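Asker: Can you keep this structure in mind? I'll have questions shortly.
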Amino acid sequence: MSNSTNTASDSLVVAYYPFTLVIVGTSLNILTFVVLCRSTFRDTKKQPIIHYMRTIAIFDILMLYGWNLDHYLQAVHGYVLLTYTIATCKIFGFLNYFAGQSSAWLRVFICLDRYLSISRLHRTWFSREKSVLIIIASVITILTLFNSHFLIFTCYYRPSGRISPNSPLYIIYPLWDYVNLGVYNFAPFILMVTLNSGVIHHLYRRHQTQLIQNSRINHRAISITLVITTCLFLIMTVPATIASAFSDIPPPISVKILDPVLYTYHILSFPLYFLTFKEFRQECIMMFGCSKNQHRVRPTLTATHTGAGITK
């Protein structure tokens, strides 16, 4: 009796946690986007990194409506969007890979922006507003084309009348899971570690030689923030992607446990920004009317501080 009760409880958690992620994650990412559109962050010429952060908030929302939502629908309602209709099969088959890959590579370019801002005395091409918009558009375009075969060649009716998410011309699953492992996890993680290590190295050197005596950058805070972001990406996304790529069908319990952990990563932007990004935290406090001061002194982010100026 006890075992059956525990099994029922576990199944309930597995079913409703993804749905909770959809509600909470959508709310937090929308809130993140709204805060980043407020007055402090509107001068995107001085702080073009804000464009990355806004776009990531949108893709992190989309990320929650693919396989994550399917986990809930399958457990509670007995169907998944991936095989519900031909249209949903194509759209969500594409979205499952496109959203995560876009989110990961935009994070890579944030790391690149931080590295160039702290390691160069003058603003580089990558740190200009127009260039950032070009990079974002290029990332989206390239990954759209990279995954466009889902919209063209996949999904067909089997003789039994059921929808297959594969292609009649070639086998997509698990081939694209292996590809996704490199594009979504390994390549971004290696680049993030390399760039963040460079940021920490330059911050340490500048601190030692006192080249930024009057800087508003909290060196310890930015170093900790970069390490936390990269470590969370490794811990929360890589195991789930590896397990999914090499798992059997139906997936084992390990995949059902690790998948929610992966999607949890994509709802953490708001709490991370709130805890480590001083200007973001101040905007949140002002937005919810929690500030005791009626007269507000608006924080100013310089181009260099934007690249590495997450203060605590």
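Including glycine, each Cβ sits where the backbone N, Cα and C put it.
Those TrEMBL annotations? Automatic predictions, nothing curated.
Got these off TrEMBL a minute ago, pasting:
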DOMAIN    28-274  domain 'G-protein coupled receptors family 1 profile'
TRANSMEM  15-37  transmembrane segment
TRANSMEM  49-67  transmembrane segment
TRANSMEM  79-99  transmembrane segment
TRANSMEM  132-159  transmembrane segment
TRANSMEM  179-200  transmembrane segment
TRANSMEM  221-245  transmembrane segment
TRANSMEM  257-277  transmembrane segment
Asker: Which residues, given as numbers and ranges, are at least 6 beyond the ends of the transmembrane segment (15-37) yet have a Cβ under 8 Å from it?
Answerer: 50, 53-54, 57-58, 60-61, 64-65, 68-69, 71-72, 75-76, 259-260, 263-264, 266-267, 269-271, 273, 280, 283-284, 287
Asker: Within the domain 'G-protein coupled receptors family 1 profile' (28-274), what mean pLDDT does the predicted structure show?
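Answerer: Per the prediction, mean pLDDT sits at 86 for the domain 'G-protein coupled receptors family 1 profile' (28-274).
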